[in-house]
Amino acid sequence: MDSFSRLSIFCLFISLLPLFSSPALLFQGFNWESSKKGGWYNSLKNSIPDLANAGITHVWLPPPSQSVSPEGYLPGRLYDLDASKYGSKNELKSLIAAFHEKGIKCLADIVINHRTAERKDGRGIYCIFEGGTPDSRQDWGPSFICRDDTAYSDGTGNNDSGEGYDAAPDIDHLNPQVQRELSEWMNWLKTEIGFDGWRFDFVKGYAPSISKIYMEQTKPDFAVGEKWDSISYGQDGKPNYNQDSHRGALVNWVESAGGAITAFDFTTKGILQAAVQGELWRLIDPNGKPPGMIGVKPENAVTFIDNHDTGSTQRLWPFPSDKVMQGYAYILTHPGTPSIFYDHFFDWGLKEQIAKLSSIRLRNGINEKSTVKIMASEGDLYVAKIDNKIMVKIGPKMDLGNLIPSNLHVATSGQDYAVWE
């Protein structure tokens, strides 16, 4: 093989790796009610010292643009950051600068599958968009809406490349102008506002090849996509033991999107929140690996306990509230990139317990590709060794036999969990 061929293969290998180079620890810096509290950007500043002390490397901020819904998930004038219910454009820039001073990078919540229009067209349909600038950027019409979104489209756009969305017009992401102007906007969020990366909302709404385009054209420091599909359930209403199809779909999406993006590990969340309810046998797959995405492609998996949708006041798929720390004991000791939720850290009084776990992770160098050796996985007990450095126990069972070597000491513990190092 000549040197050019070797270089080409090396470059291809590098391009398929996630963009972040050092172990990341993500924090979701808002909940479903944050937009209603007034001045969220300014109030979040007060949290920065605690987040820095907990080893947070990236904070996920809410959608920054003008939106019909106060939470930001029905955006319209994408460049208009002064109309956000979370605060002004300058307040956002100041917040990001304050995070940067502590070495914490900021992710914007990118909501681009759909978009709300500014006014009606001649048919009386809301499908005339404005970008929020004095010029014509993102001033789109009905031809920029997916053809099969018949409630809004004029029938001249492309068919939707993903799943439909009923609450607002589905944008035609196969349109080169859409791709160009959305990429320009995201790059503006980086250069003008200071964002470092992205959390992509509802990535099922367009083909993964579209996500690849936006990744290539904006080159974020870190990016994660929300591909939320239901796990499979049995007739008893409980999750099926085998969720390989579910985690396989996440892996396929990541690879189809170019391999440089991560995905929220909804598989691990679904299994874990069932497992902590006396079914810890779920936490090992037939190959002896973790059963979620972290068991097959951990370097591209972002693990979490809850977010603004699953938890908060929406509670669409909440983790058992009395088992949350068992959940954090799992994700903060295991591979993947863990994400900590604002509510748990600040509102639930769990800051110290979570910070102890994150410090153990940091000082032992546990990262997204760490190895896991599962020592026990039964109804009331889960024990695993990570990187041959630390051991974690989850569950009420106290008799561990000889599972924990005598040279390890308890680094932290709580209700039905403990970590040794």
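Placement of Cβ uses the backbone N, Cα and C atoms for every residue, glycine included.
Under the three-state DSSP scheme, Asp201 (active site, nucleophile) falls in the coil class. Asp201 (active site, nucleophile): 19 other CB atoms within 10 A of its CB, across all protein chains. If you look up Swiss-Prot, you'll see Asp201 marked as active site, nucleophile, on the strength of similarity to another entry.
For Glu226, the entry in Swiss-Prot reads active site, proton donor. According to its DSSP assignment, Glu226 (active site, proton donor) is coil.
Per Swiss-Prot, substrate binding site is recorded for 73-74, 199-204, Trp228, Ser230, Glu255, Lys289, His308, Gln314, Lys393, Trp420. Taking the Cβ of His308 (substrate binding site) as reference, residues of its chain lying under 8 Å away and at least six apart in sequence are, in sequence order, Gln28, Phe30, Asn31, Trp32, Glu71, Gln314.
Under DSSP, Asp160 (Ca(2+) 1 binding site) is assigned to coil, being neither helix nor strand in the three-state scheme. If you take the C-beta of Asp160 (Ca(2+) 1 binding site) and look for same-chain residues 6 or more apart in sequence within under 8 angstroms, you find Cys146, Arg147, Asp148, Asp149, Asp170, Asp172, Gly205, Tyr206. The feature Ca(2+) 1 binding site is assigned by Swiss-Prot to Asn113, Asp160, Asp170, Gly205.
The Ca(2+) 2 binding site annotation in Swiss-Prot covers Glu130, Thr133, Asp135, Asp139. According to its DSSP assignment, Asp139 (Ca(2+) 2 binding site) is coil.
The Ca(2+) 3 binding site annotation in Swiss-Prot covers Asp149, Ala168, Asp170 and rests on similarity to another entry.
If you look up Swiss-Prot, you'll see 1-23 marked as signal peptide.
What Swiss-Prot lists as site 'Transition state stabilizer' is Asp309, and the listing cites similarity to another entry. Annotation for Asp309 (site 'Transition state stabilizer'): spatial neighbours Trp32, Trp228, Leu316, Trp317, criterion Cβ-Cβ under 8 Å with sequence separation of six or more.
Listed in chain order, the extra residues whose Cβ falls within 8 Å of the Cβ center of the Ca(2+) 1 site residues Asn113, Asp160, Asp170, Gly205 are His114, Cys146, Asp149, Ser161, Gly162, Glu163, Gly164, Tyr165, Ile171, His173, Phe202, Tyr206.
DSSP assigns Ala168 (Ca(2+) 3 binding site) to coil, not to a helix or a strand. Over all protein chains present, the Cβ of Glu130 (Ca(2+) 2 binding site) has 19 other Cβ atoms lying within 10 Å. Closest to Lys393 (substrate binding site) in space, going by CA atoms and restricting to the binding-site residues Asn113, Glu130, Asp135, Asp139, is Asn113. Candidates Glu130, Asp139, Asp201 (recorded positions) were compared with Tyr73 (substrate binding site); those inside 10 Å Cα-Cα are Asp201. The Cα of Ala168 (Ca(2+) 3 binding site) lies closest to that of Asn113, out of the recorded positions Asn113, Thr133, Asp201.
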